[in-house]
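So that you can see what the record holds, here are the features copied from TrEMBL:
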DOMAIN    17-125  domain 'Aspartate/homoserine dehydrogenase NAD-binding'
BINDING   Ala128, Asn194  NAD(+) binding site
DOMAIN    171-259  domain 'Aspartate dehydrogenase'
ACT_SITE  His224  active site
Amino acid sequence: MPTEPVPRPPLRLALVGWGAIGRRVVQLLAERDAGIVLAGIAARTRPAELPSGVPWLQHPDDLGAATPDLVVEAAGRDAVEPWGHAALRLARGFAVSSTSAFCDDGVLDRLVATAERHGSQILIPPGALAGVDALAAAAALPLDEVRHQIVKPPAAWRGTPAAGLVDLDRLTEATVFFAGSAREAAGRFPANANVAAIAALAGIGLDRTRVELVADPKAVGNGHRLRATGAFGTLDIAIENRPLATNPKSSEMAALSLVRLVENHVRPLCR
Ligand SMILES: NC(=O)C1=CN([C@@H]2O[C@H](COP(=O)(O)OP(=O)(O)OC[C@H]3O[C@@H](n4cnc5c(N)ncnc54)[C@H](OP(=O)(O)O)[C@@H]3O)[C@@H](O)[C@H]2O)C=CC1
Ligand SMILES: O=C([O-])CC(=O)C(=O)O
């Protein structure tokens, strides 16, 4: 006998960060009618325009009144720990975009302890990177090496320590200006290399993952190439991302990846 479908309550989503990624995520979720209620949006200064009826969250404790099911951070590394502890106390999950915060092992350990205490989960979306699912699965067997190359146009590296390492205005060809560990890459370039920490956490860790940062005057998008070898075989994946219009350092894919994560919380088919 057919039974009535069980109604699926909308997911209450709180966003930490109302910049390029946060706004794009909200826009895409609204266009896709995804069954999401915006429970609140956090930024340090009161945003001029928020979607109607959505409260501004000034302090992590404000999450208590917002009663979110899921909290998504797309703000900056300083936001991760304070908002993370509150989110993991009050919601089922806390998704992190500013994964460079995890270059400090203490931050991740403390957040994991809070998640364990409250039965919640820290979620690390693939962000702008492709192939993280395969890399994380491969890590169940020994991995020999993981290499991650990030290639962006010079404009995307402005306002970062890259400007002191290479003359960004006069480059004529692709130039590697940094080679080192994922910990150092994400730690020194937190606006551009959060993905290095994502690759590291999926694979062989922040110190063994090798990263190259490249400024390329011919690049039109933000490129990521991930290569790994190990007992599973070999992986070599490249992605060329369109930058977000309002922040050329960040890729459209970082927003799309969050949309996928949010929708997987409400759909009968998780994909
Ligand atoms: N995982 C990934 O693949 C990727 C991660 N990122 C990271 O995601 C984050 C967001 O990127 P993007 O949207 O492009 O950045 P933007 O600079 O466009 O926006 C950041 C927003 O966060 C707010 N904010 C910053 N710090 C805090 C804080 N401590 N508490 C509350 N709000 C804060 C800012 O507003 P205000 O200053 O008013 O507080 C602003 O609204 C960045 O850390 C970026 O490096 C980016 C691309 C890819
Ligand atoms: O969006 C990207 O291409 C990657 C990025 O900025 C980051 O990891 O911080």
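Any Cβ shown, glycine's included, is placed from N, Cα and C.
Here the features listed in TrEMBL are placed on the structure.
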residue : record              : Cβ within 10 Å
Ala128  : NAD(+) binding site : 26
Asn194  : NAD(+) binding site : 26
His224  : active site         : 26
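Rounded to a whole number, the C-alpha distance linking Ala128 (NAD(+) binding site) with His224 (active site) is 8 angstrom. Closeness to ligand 1 is met by Ala128, Asn194, these being the recorded positions among Ala128, Asn194, His224 whose Cβ falls under 6 Å from the molecule. A separation of roughly 12 Å, to the nearest angstrom, links the Cα atoms of His224 (active site) and Asn194 (NAD(+) binding site). On the 0 to 100 pLDDT scale, the model's mean across the domain 'Aspartate dehydrogenase' (171-259) is 98.
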